[in-house]
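K.L.:
Below you'll find the structure I mean.
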């Protein structure tokens, strides 16, 4: 007779009480997961999160209360979870999982790792660490009412990076408020600003500088002190942006100076943010009015496709504020406006505010047409979705601890039942991708770039760190001499940073050996020289196959290239040109605010694969696709609704 301890077999219950697991992330999914783990019987848990608690977290992260605002998420989650099971042994780290201290040996102490993350860079890193340590990883993500859980095991399943990822569509709040690096960050900020001034107030859409940014204050006590400075116990009283604007009569110049001068000056006092970034430049309305040319647009063409000058943006900002103020007054006391991209004054406001912020942070400004095409809807966080996904993570973990890895599934939570009346759709795990540049036996990839225009620093930061997710890469040129191009030892190769790749003899067909010892990861990069990159594109990843680059041509004289534009990242310059998505794939945004990383998808094969439903065995011709966090699209029958085709964070 099988002995039971509660609902579990005794052997499994004993395993839960002795095994050691790691939870990465203590936010929306992480809180629910930690609570589920201790209630299921897990006794030895370590949890890590670098973030601090914000007021906007309290509607769905139920281990936190108002008094916890400004404190470490990991530490408070630990304390709250212990009230469910005081005998559990929980260790909390207020830190970044990408810190070198959390190396392969750190990961090897766990029998299982569970991700509850909100950004692609960290997901990439944990994926690689689990592959290096040969530890099972349970990946998860939510987006509104949609969600997914999948299991990753070295050599048996696809890793997180086996499938290409579309451009990330949601971003951390501190990126939006403090350190925007792409035009889309500024557009999201401008939409938030519209709601703060004219629409419905939302704590998730704050636009003022984030004083609790964990990157600005790494000491947990400092972060908590900043966040709770206005009142004890973190009970923060916030002044309504709308009330302040009303008190000024929606004076456009005063609004301009607060948003684009005073707030930017305040950001500059957070000096830690600007050690490795270009600092923003405040704007002054009166100086702009009294100096420089007054042309309101640059270039010719249709009005919506013209890029306005800074002064032209100032005038658009002023006119749109005055128009929206009148519209608000006409609606009466307590009225609110709703942002609509087809509403001209609202679109003008977002275009002007976003472009002014782009200019402040040294990005190329965009036309009204471009801004309108990039502005999209933001999916809200749903607490019940997080709860369901956290429960599914625990169920998959029980299969792993029971030694039944073959019974693990990728499970999709859909908004509406499919034609088989399913909200939860389980699918058999896919095998590793043979051409994956992470988990293949000999990872290799080809990068198209201009060796006369690409600097060593660009190779390090934009290509290896941003695009390929490395943390501390070492680069050696396969030139027969073993030339070290980049060293992870601080200062060792800094003199190379601003030199071009061609200065080191790198040319068409050259090969670079890349090693990241922290991730225990090696990648061979084939260089494909080109002088025909599109405007604003610094490089392209053209394929993972090793035969993509032609052999070196030592006798061919390289011709001078034309400029490939500046470092504007409206379209992420790290992206490759992937084929058009299938019409039956719906891309949705993340529930948790997404990644600080701007890396984009590598191209994928156009070949469709057939998948079987794990329960019915029915085959599907719809292709499994993955979004920024590795959430794959649920396959369905061809006659099913598209509602169960999702790609999410």
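The backbone N, Cα and C atoms fix where each Cβ goes, glycine too.
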K.L.:
Can you check which of 203-234, 235-266, 267-298, 299-330 TrEMBL lists as region 'Disordered'?
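P.N.:
Feature region 'Disordered' in TrEMBL: residues 203-234.
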K.L.:
Where residue 165 (SUMO1 cross-link) and residue 49 (ATP binding site) are concerned, what is their Cα separation in Å, rounded?
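P.N.:
On Cα coordinates alone, these residues lie 24 Å apart.
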K.L.:
Let me know the most crowded of the recorded sites, choosing from 191, 258, 415 and counting other Cβ atoms within 10 Å.
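P.N.:
By the 10 Å Cβ neighbour count, 191 comes out on top.
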K.L.:
Setting 159, 162, 436, 439 aside, what same-chain residues sit with their Cβ within 8 Å of the center of the Cβ atoms that define the Zn(2+) site, listed in sequence order?
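P.N.:
Those within range, site residues removed, are 131, 158, 160, 161, 432, 433, 438, 440.
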K.L.:
Validating a neighbour-count step here. Other CB atoms within 10 A of the CB of residue 165 (SUMO1 cross-link): how many?
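P.N.:
Other Cβ atoms found within 10 Å: 27.
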